[in-house]
């Protein structure tokens, strides 16, 4: 597979871009600016960015079945109305752990929202969890002892959920059961060498291969479902953060990036840090699932 270097899709000034989502019904790319508490959108190729300020920092979001979004804000799950803009709390998460926040999430094939947290005070402390929010508003804990949740995505048949507990430097797979969530022991897919970066956000293509951004590693990796490293794409930034398939044929991979964590000197050398990058690929992805609530 021949893959060219990424292009600049949107010359954004994102501090910590994450959670890109392509809405095929409006041909709109959305993403978050995590610490600024912004939901960002851009339609078409004009490069214009519309931002929606949120009441708190945001770790992840997903599109709802009819309209609006389900939000994983720093302290819990919320629903946002597209009509009124109201943001309403559904459930607080980890209120007894003041140093944790929600960090990454994805809508599952069964229409639930899978979202996990992290401890900001000590990312080496596994005190957070991954949660499943269903359409009725019920929340269950599905993975415990989490350092920092990332890379949540699903196989095309919906039977496998991929995940990284970031500090472990491993990418793992769980069996995913509709109506329940991930079950059983995780299966190791891949592992990064110490000092080579950390797995961040990920997406799965139509063949079942996993594309994962490497935070601090300046690259995007593609693994086949058996864990074979199939492709490595060099990035023009230190911290690529996440990716999603979109475009008219779902053959464009959009990649969020971050300025967060860079020194002033590094930022000066990385003018594309914070931009939205894109790569046209010979293989496509699939539409994102929608939240049933």
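Each residue's number is its place along the chain shown, starting with 1.
Placement of Cβ uses the backbone N, Cα and C atoms for every residue, glycine included.
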Per TrEMBL, member of 66, 150, 165 binding divalent metal cation alongside 18, 200: 150
Chain-internal residues, separated by at least six, CB under 8 A from residue 101 (substrate binding site): 57, 59, 74, 75, 117, 118, 120
Close in space, distant in sequence - residue 200 (active site, proton donor/acceptor), Cβ under 8 Å, 6 or more apart: 150, 151, 164, 166, 212, 213, 214, 215, 239, 240, 241, 242
Intrachain C-beta neighbours of residue 18 (divalent metal cation binding site), sequence separation six or more, cut-off 8 angstroms: 31, 32, 34, 59, 60, 104, 201, 241, 242, 256, 258
CB-centroid shell, 8 A cutoff, divalent metal cation site 18, 150, 200, site residues removed: 19, 103, 104, 151, 166, 201, 213, 215, 241, 242
Residues near residue 103 (substrate binding site) in space but at least six apart in sequence (CB under 8 A): 59, 60, 72, 116, 117, 118, 148, 149, 150
